[in-house]
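The ATP binding site annotation in Swiss-Prot covers 36, 37, 38, 39, 40, 41, 42, 43, 138, 167, 189, and the record cites sequence analysis as its basis. If you look up Swiss-Prot, you'll see 42, 143 marked as Mg(2+) binding site. According to Swiss-Prot, the deamido-NAD(+) binding site annotation covers 118.
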């Protein structure tokens, strides 16, 4: 089995995602959207999809660099704004993040990165309240499964059109959508600190982990069958541990049940109520 099994009919995927964005925006009672545009491929795909679904005048892309952000990332984000014609704002988060850590020693890259991600989401939700725009997410399926993201940071949104697409599938969709090649081919990075890259953080490439996740989830193959197919035991065990350990990041907060009807457990109705009286 190779990564060819991950290939999708990207024209059909586009149609599904455009309808998804339009329908979900309408169900929530909104007409426009806001999202963070980093200069990476995930947010670039969301930018193009949102533009096609809602029209550029109804989409706001927010660029939120930190002082260590790569100038290339900022330029790539601006390139997407120019290409799509969506509205944009630039918010410098350095002051907020540095003030948070003022007098704090030994924070390290992980804590700094988490605060950057949450600062960005804070700005997005404030803009949502200011303008009446719905926040669209930009986390892909690989990130969500591995827990490679910040809870209530970059993983926070009202709707997420790309959350069921593996990273390698995002590249395929990006080329179908004619995203500039310099964004598609660049090394994936959350750009949280200088020299950071996704695959260096994770310790493996997206192609190999996407294939393993596909075997585990879509094909529901057993550990023994996956290893027999050529996946190393240590790699399988590492990835499975990450998926299991980060389950809490893919859930709403768990509520302790006390009463007969509990929100999220047995008090559940269709989200898109047609009338609220």
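Placement of Cβ uses the backbone N, Cα and C atoms for every residue, glycine included.
Packing around residue 143 (Mg(2+) binding site) is summarised by its Cβ count: 25 other Cβ atoms lie within 10 angstroms of its Cβ, all protein chains included. In the three-state DSSP scheme, residue 36 (ATP binding site) falls into the strand class. Across the residues annotated as binding ATP (36, 37, 38, 39, 40, 41, 42, 43, 138, 167, 189), the widest Cα-Cα separation comes to 18 Å.
Taking the Cβ of residue 42 (ATP binding site) as reference, residues of its chain lying under 8 Å away and at least six apart in sequence are, in sequence order, 138, 139, 140, 162, 170.
In this structure the alpha carbons, written CA, of residue 40 (ATP binding site) and residue 143 (Mg(2+) binding site) are 14 Å apart.
On a Cα basis, the residue listed as 'deamido-NAD(+) binding site' lies 12 Å away from residue 36 (ATP binding site). Non-local contacts of residue 189 (ATP binding site) by the CB criterion (under 8 A, 6+ apart in sequence, same chain) comprise 40, 70, 73, 196, 197, 198.
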